[in-house]
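Structure record follows, encoded as structure tokens.
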Amino acid sequence: MAPIDPHSFTDSTHPLTTHVSLTLYFHFPSSTIHATALLTLQTPLTGPLSLDTRSLSIHKILDPATLTPLPFTLSSSEHPIKGRHLTVSLNNNSSVLILYSTSPSSSALQWLSPPQTFKKIHPFVYTQCQSVHARSVFPCQDTPAARVCYSAKLNVPRQLSGVMSARHCGRHDPVGTDLDGVLTNEESGFGFDLKSLWCEEGRVVEEFVMEQPIPPYLFAFAIGELGFRELGPRTRVYSEALDGVLDAAAREFAGTEEMIRQAEKLFGDYDWERFDLLVLPPSFPYGGMENPRMVFLTPTVIKGDASGAQVVAHELAHSWTGNLITNKNNEHFWLNEGFTTYAERRIVEVVQGEDIAALNSGIGWKGLNEEMERFKDNMEFTKLKNNQEGVDPDDMYSQVPYEKGFQFLWRIERQIGRPAFDEFLKKYIATFKFKSIDTQTFLDFLKANIPGIEKDIDLQLWTEGTGIPPDAHEPVSKLYIKIVSLANDFKLGRMPREDEVADWKGQEWELYLENLPKAVEASQVLALDARYRLSESKDYEVKVGFFQLAISSRCRDYYGEVEKTLKEVGRMKYLRPLYSGLVQGPGKEEEKILAKRVFAEARECYHPIAQGVVEAIFAKHM
């Protein structure tokens, strides 16, 4: 076997999948999907085909031309990262049809009962497939190297509707012909009659198609009682059909079309037709997920001052860097995130101004330095190109690929000048669009298009070296210097005056808090909050930053608020530092008891990926 990805069973000697056709029947009472997947390969294959699965029951695998069974094996044990290895024996086949069901423990899916949703009336389900979780929704070559087009029919309760990272083709009453070519009348293979279930009263079928090849981690759907608001000619914002959430989201993201236009000036035409947004329930584990045509967002980015649009700028930038050009596997993740962080800041600079972009970069710089401390015992994870054999990408997720990647590209820009770098970026995107590449491919392209760059910048040190290179650059602006200076004054016992912070929004406070000492006197924490009410901020970046200071200062007055926060949001950016703060370090018995109790009570409200991350923190420190 010749693997092409440390996180996949995909064999480089096998033809890659080019198209997947799915029929998905959603059974909410059991939190399962009964499904068929028709996989089409680049070329016919005789011999074994390796596929990735996790928590799937494989009922039957058929030759789609004849609907006769194909022999297959599923590894008896589950690999902790890769899942189960499905091997199908082919005889000059260029496609396979797989009948299967998901399980309630699917790592990509979160099934929300009505009480866990905003409206508390109907259930909700959504996917989060990055990095290695598409395999828990359908059997596939779950590596970014295998880009696929797909079509899907989603059979859902009539009062619900669906969205996908694909074009919506229509909504119709279910009919038996929906399953033509994937089920025989005599034998469904499921142990029950799927055709009868499919055509039951009270169901509806939503159809979607994605005609551009995407990596499997960008496969996405969400199903619930959804509403939307129009934002512009190519953007709607969706959420549960709740006026308060929809109206707040529409205000926060009102400038999206202007962002798209500015991004097109920088990077070329937007290739995905629509740029719709979906605000998910609070359990969504990330700030945003760049699913093409349908970006998923946490409700915590709705801050009331339009600053949450920066997350939208990041996900929009992915439309070029990440979605059009994709890292070949997670060892080259910086190609997705470093480029996108650079592109996001260029968009923010144009739309919101240089000061805000510099603040954004300054917060990133502080975060990058903190990651060096986090990984001091495993400096491999501070490299841009790193070895992830045997490593769960969710466990090592960090700011390094984002911020060190940004610093590398910014270093190249400073060397050759912005106009030349802009030309290089456009050429890079045009050359590699709809391809998955690795770091060496990028470096070869860089050296070919900017001759002599390797004499001016140590490319190997930047991509394969540990730590922060000496020619990295702390971003500075007048506002940045002022905020850091005020944070330094706090160490000397001086709190900022109200006139000094009168026009501060969330980002200014976030940078201020990040530059305070890790621990101060509890009385200082209380005094800061008494004056500025940071614990009551509507901006979670500020509130959580303040709670981190409170925890590290053992200011137990705020533990009740920390508990409340951990129970109301599932975004890992907040769970990670709060749980880590509670359990890391000596003499934290009271805090550890609190953390374990809160997690036990909140666990079911977290996405499976977030559950795993908190469990890994506990395993390391308790």
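Every residue gets a Cβ built from N, Cα and C, even glycine.
Nobody curates TrEMBL annotations by hand; they come from automatic prediction.
Look at TrEMBL and you will find GLN128, CYS129, GLN130, PRO285, TYR286, GLY287, GLY288, MET289, GLU290, ARG571, MET572, LYS573 tagged as peptide binding site. The Zn(2+) binding site annotation in TrEMBL covers HIS314, HIS318, GLU337. Positions annotated as active site, proton acceptor by TrEMBL: GLU315. The active site, proton donor annotation in TrEMBL covers TYR402. If you look up TrEMBL, you'll see 478-618 marked as domain 'Peptidase M1 leukotriene A4 hydrolase/aminopeptidase C-terminal'.
Here is what falls inside 10 Å of the CA of GLU337 (Zn(2+) binding site) among the recorded positions GLN128, GLN130, TYR402: TYR402. Cα-Cα distance from TYR286 (peptide binding site) to HIS318 (Zn(2+) binding site): 15 Å (rounded to the nearest whole number). Taking Cβ-Cβ distances under 8 Å and a sequence separation of 6 or more, the neighbours of GLN130 (peptide binding site) in its chain are TYR217, LEU218, MET289. A Cα-Cα distance of 6 Å separates HIS318 (Zn(2+) binding site) from GLU290 (peptide binding site). In sequence order, ALA108, GLN110, ALA220, PHE284, PRO285, TYR286, MET289, PHE296, HIS607, ILE609 make up the list of same-chain residues 6 or more apart from GLN128 (peptide binding site) whose Cβ falls under 8 Å from its Cβ. Neighbour list (GLU290 (peptide binding site), Cβ cut-off 8 Å, at least 6 residues apart, same chain): LEU218, HIS314, GLU315, HIS318, SER319, GLY322, ASN323, THR340.
TYR402 (active site, proton donor) is 14 Å away from GLY288 (peptide binding site) when you measure Cα to Cα. The Zn(2+) site is set by HIS314, HIS318, GLU337; from the centre of their CB atoms, other residues of the chain with a CB within 8 Å are GLU290, GLU315, ALA317, THR321, GLY322, ASN336, PHE339, THR340, THR341, ALA343, GLU344, TYR402.
A straight line from the CA of TYR402 (active site, proton donor) to the CA of MET572 (peptide binding site) spans 16 Å. The average pLDDT for the domain 'Peptidase M1 leukotriene A4 hydrolase/aminopeptidase C-terminal' (478-618) in the predicted structure is 95.
Here the domain 'Peptidase M1 leukotriene A4 hydrolase/aminopeptidase C-terminal' (478-618) is broken down by DSSP into helix, strand and coil counts: 106 helix, 0 strand, 35 coil.
In this view, HIS318 (Zn(2+) binding site) is surrounded by 24 other Cβ atoms within 10 Å of its Cβ, with every protein chain counted. The binding residues for peptide are recorded as GLN128, CYS129, GLN130, PRO285, TYR286, GLY287, GLY288, MET289, GLU290, ARG571, MET572, LYS573; their greatest pairwise CA distance is 17 Å.
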